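J.: Dumping the structure here so I can ask a few things about it.
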Amino acid sequence: MFDSLSEGLQSAFKSLSGKGKLTEGNMRDGLKIVEQSLLESDVSYSVVKEFMAHVSEKALGKRVLLSLRPHEELVRIVHEELIETLGPVDPSLHLKADRPTVLMLCGLQGSGKTTTCGKLTQMLREQQIEPLLVAADLQRPAAIEQLKIIGEQLGVPVHTETDHQDPVKVCQNGVDRARRDGNRVVILDTAGRLAIDEELMAQLKRIDKKVGPDQVYLVVDGMTGQDAVNSAGAFNDALELDGVVMTKLDGDARGGALLSVKQVTGVPIKFIGTGERFDALEPFRPEGMAGRILQMGDMVAAAREAHRIVDESERESLEEKMASGQFSLDDFKNLMQKVAQPGLMGRMMGMMPGMSQFKEALDSEEAGGQMKQIIGAINSMTPAERKNPKLIDAARRTRIAAGAGVQSSSITQLIKQFDTMKPIMQMMSGKGGGDRMAMLRQLQSGAMPGMGGGGAKIKQSTGKRLSPAEREKQRKEREKLKRKMKRKRR
Amino acid sequence: MAFWRSKTAPSQPESGETPPAEDQAGQGGMFTKFSSGLQKTRRVLGTDIRDLFKSEGRLVDEEFLDELFARLIRTDMGTGPANKIRDEVAKQYRGRVVQLEEVVATITTEIREQLRQDHGGLAKADSGPTVILVVGVNGSGKTTSIGKLANHLRSGGHSLVLGAGDTFRAAAVEQLTIWAGRIGCEIVTGKSGADPASVAFQCVDKAMETGADYAIIDTAGRLQTQSNLMQELQKIRKVIDKRLPGAPHEVLLVLDATAGQNAISQAKGFSAAAACTGIVLAKLDGSAKGGVVLPIHEQFQLPVKFVGLGEGLDDMAAFDPDSFAEALFQN
Ligand SMILES: Nc1nc2c(ncn2[C@@H]2O[C@H](COP(=O)(O)OP(=O)(O)OP(=O)(O)O)[C@@H](O)[C@H]2O)c(=O)[nH]1
Ligand SMILES: Nc1nc2c(ncn2[C@@H]2O[C@H](COP(=O)(O)OP(=O)(O)OP(=O)(O)O)[C@@H](O)[C@H]2O)c(=O)[nH]1
Ligand SMILES: [Mg+2]
Ligand SMILES: [Mg+2]
């Protein structure tokens, strides 16, 4: 009866195993893993330290959901904290109603300022706003030409002064011109500069002071490494930034520098650049970025689903029942119904490492059919029978089978398998992490004791088909595992 | 190598089979350039690895090792190498009170070891022009590095032709044209949107025709994950080889020194598609250390050949493992 459902049950056990709270001790490994992951994603060292200290303080004492190992729970908390830190979002350019709004883009060399000018222009054009672009990079060869071409491509005016040597003047003249021409927005494309270049940073400050841009955005390359804290800090000190744009996130860079930038500047992240073309500018979404930086998506998703599947109070009572051996067929039924909710289970399965092969089995119609049969069979039992299946003799069996519309041998099978599971569940809820994990691994690898064989099969399972020899081998392994578990139980 | 391998004798020309391309680079000034670029950095940032070690020495314990680890990570070398070095120091010194010089020497030696390379200079074709293809992600510094490299070769008395193979980005051709004008060398350009492979072909063609010593070909910035653009690089290579069998003789990957761990993926992707022969580490005049070249060197045996130290004509130097290793831990 359980053939394909057995796999779903395995995960049900998974969601019921494990307990306790996050402690300094059981977080240590998790913290280490997360810390290394953040460093690998290029979050600056000092920012990682600060962030992790904050997270562990926050996490300390939090209950670990039954289904999770402490470090999985921790990763979930980290993920949420990342989202919180990277947010809140503010994609507005805060345009003024009564006068031209001046946007200034600044940043290191080659970060994507000029291209982002084009992208912002495209965005504004879509709102029927025609900005004036100002070519204030008088430094890089052909920088003016580059902006000119971009203006042409997008059909917006570009203010250029080839004879001027002073970008402050160029910006001032550009803003004056926008006032005259009635452009609602002015975008200043400044030259790339090193944060440690005192002269050029001073020049930027002069522009800021003389022109007084309404919004100053730092454009940061998504591939930036540890230096992000230094450069972003310097730009922020010089200018009081209003926002950040991170570019080149169309590749495989994890973009951890964004966390550094956010931490040191505290200003909203406005947009991300995801390509060279003008339409490749997206409003920033902290969720996506948090996942990208942490790159523990599988774990986070599984942990989140686990939180949804088993709610807190239910979990506690189940946990208690399991530990005390009170776990009944009723509980079993409830749990099964829970994990077999359409779609949800399938999604969760797909996300668990090594469990994706079960997804199909659980989403299949047969699985649903078998579920119904099992639930039907349990429903046909009296409360006393559900509590103590030992009561079920041949006569009761016939009655239950008739009520559920299955063969009475199926009932035998169901009870036998429930008996096998019960001690396992008890053990999982009772014992410490190590044993439990070893067992879960075995469960995941498919060697589920008492599973498979006979039952009221409607159709062949969609799962893997085994040759008779393989079946025999698997049976032997299961027996061995069962004996081992029984020994442990004593 | 005449490339100021050692600090003490920067202008000492070395005997023997030094390739002609490198002769001019050995003129002392380059090292000065290198250190003055780094000087900028040093002025601004605070401390030094040496602060870890009081003059009387300091007990090597977890705290000490963590501080050391922080310093290592800040170079962008990544957690792999940083852990490795941390463990090495722990193994050698844990529980002891150490002197600064002792530990710094260990680390610097370790790094120099990793960076030791068989040759530091550019390859040279046996006959005909030496063709150099320059590749890298968007905005890393390709075009500027070509300008500086061309200037370096030009002032060494070589004739050269530049190829404006970036036909995609706005004003990329104009940018390289300005560099060619500054240096006073030939440039081959195509129309915006033209096939970059055909520009590359014409550039090599021109170099052969005019008997130039070098042909340096620019390419549009691209991310290593863009497989169509990576294939385009393969095509460019093939076309170059067709015109001049054996070329390109160098494929230089330009990395931005501010880049973090993604540079590893860049080295991998570009090496696979374009068979890179060396790295130009641009923007090393900033406060970033460029330590990611350590794992790259280890994993892909890609030597760093040049470093970019500014936006001017002369702001490039040949790579020197010793000063690079030392600079990693200076601020
Ligand atoms: N793949 C990708 N490339 C981008 C993105 N944004 C900009 N670029 C590219 O990055 C390179 C540098 O962009 P620019 O806009 O010239 O950078 P900049 O900051 O103005 O450079 P400087 O003015 O020299 O400091 C160009 O090749 C752009 O096409 C992005 O989001 N994704
Ligand atoms: N400070 C400093 N800036 C550099 C260095 N090399 C390049 N740059 C600057 O970095 C920016 C980008 O350089 P480019 O040479 O245009 O980069 P690229 O790789 O050709 O860019 P794309 O063709 O757009 O992919 C320009 O502003 C250069 O002036 C360097 O060594 N130091
Ligand atoms: Mg620009
Ligand atoms: Mg270029």
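Counting starts with 1 at the first residue shown.
Heads up, the Cβ atoms here are built off N, Cα and C, so glycines get one too.
According to TrEMBL, the feature GTP binding site maps to B:Gly136, B:Val137, B:Asn138, B:Gly139, B:Ser140, B:Gly141, B:Lys142, B:Thr143, B:Asp218, B:Thr219, B:Ala220, B:Gly221, B:Arg222. Annotation comment: TrEMBL describes B:303-316 as domain 'SRP54-type proteins GTP-binding'. Residues or ranges marked as region 'Disordered' in TrEMBL: B:1-33.
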J.: Please check each of the binding-site residues B:Gly136, B:Ser140, B:Lys142, B:Ala220, B:Arg222 and report the ones with a CB atom less than 6 Å from an atom of ligand 4, ordered along the sequence.
T.: B:Lys142
J.: Is any of the binding-site residues B:Lys142, B:Asp218, B:Ala220 near chain A, in the sense of a CB under 8 A from one of its CBs, and if so which?
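T.: Among the binding-site residues B:Lys142, B:Asp218, B:Ala220, not one has a Cβ sitting under 8 Å from a Cβ of chain A.
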J.: Mind running the binding-site residues B:Gly136, B:Asn138, B:Ser140, B:Lys142, B:Asp218, B:Ala220 against ligand 1 and keeping the ones whose CB falls under 6 Å of it?
T.: B:Asn138
J.: What binding-site residues in B:Asn138, B:Ser140, B:Lys142, B:Arg222 place CB under 6 Å from ligand 2?
T.: B:Asn138, B:Ser140, B:Lys142
J.: Can you give me the same-chain residues 6 or more apart in sequence from B:Ala220 (GTP binding site) with a CB-CB distance under 8 Å?
T.: B:Gly165, B:Asp166, B:Thr167, B:Phe168, B:Arg169, B:Ala172, B:Pro196, B:Leu229
J.: According to DSSP, collapsed to three classes, what secondary structure does B:Lys142 (GTP binding site) have?
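T.: The three-state answer is helix.
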J.: In Å, how long is the longest CA to CA span across B:Gly136, B:Val137, B:Asn138, B:Gly139, B:Ser140, B:Gly141, B:Lys142, B:Thr143, B:Asp218, B:Thr219, B:Ala220, B:Gly221, B:Arg222, which the record gives as the GTP binders?
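T.: Taking every pair among B:Gly136, B:Val137, B:Asn138, B:Gly139, B:Ser140, B:Gly141, B:Lys142, B:Thr143, B:Asp218, B:Thr219, B:Ala220, B:Gly221, B:Arg222, the longest Cα gap is 13 Å.
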J.: Cβ within 8 Å of the GTP site's Cβ centroid: which residues qualify beyond B:Gly136, B:Val137, B:Asn138, B:Gly139, B:Ser140, B:Gly141, B:Lys142, B:Thr143, B:Asp218, B:Thr219, B:Ala220, B:Gly221, B:Arg222?
T.: B:Val134, B:Val135, B:Asp166, B:Val254
J.: Within a 10 Å radius around the Cβ, which one of these binding-site residues has the most neighbouring Cβ atoms: B:Lys142, B:Arg222?
T.: B:Lys142
J.: Could you please provide the mean pLDDT value for the domain 'SRP54-type proteins GTP-binding' (B:303-316)?
T.: 96
J.: Take the Cβ of B:Asn138 (GTP binding site) and count every other Cβ within 10 Å, whichever protein chain it belongs to.
T.: 24
J.: For the domain 'SRP54-type proteins GTP-binding' (B:303-316), what are the DSSP-based totals of helix, strand and coil residues?
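T.: Helix/strand/coil tally for the domain 'SRP54-type proteins GTP-binding' (B:303-316): 0 helix, 6 strand, 8 coil.
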J.: Check each residue in the chain of B:Gly136 (GTP binding site) that is at least six apart in sequence and keep those whose C-beta is under 8 Å from its C-beta; list them in sequence order.
T.: B:Lys142, B:Gly221, B:Leu253, B:Val254, B:Leu255, B:Gln266, B:Phe270
J.: Compile a sequence-ordered list of residues in the same chain as B:Ser140 (GTP binding site), six or more apart from it, whose Cβ lies below 8 A from its Cβ; state 'none' when nothing qualifies.
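T.: The answer is B:Gly221, B:Val254, B:Leu255, B:Asp256, B:Ala259, B:Ala282.
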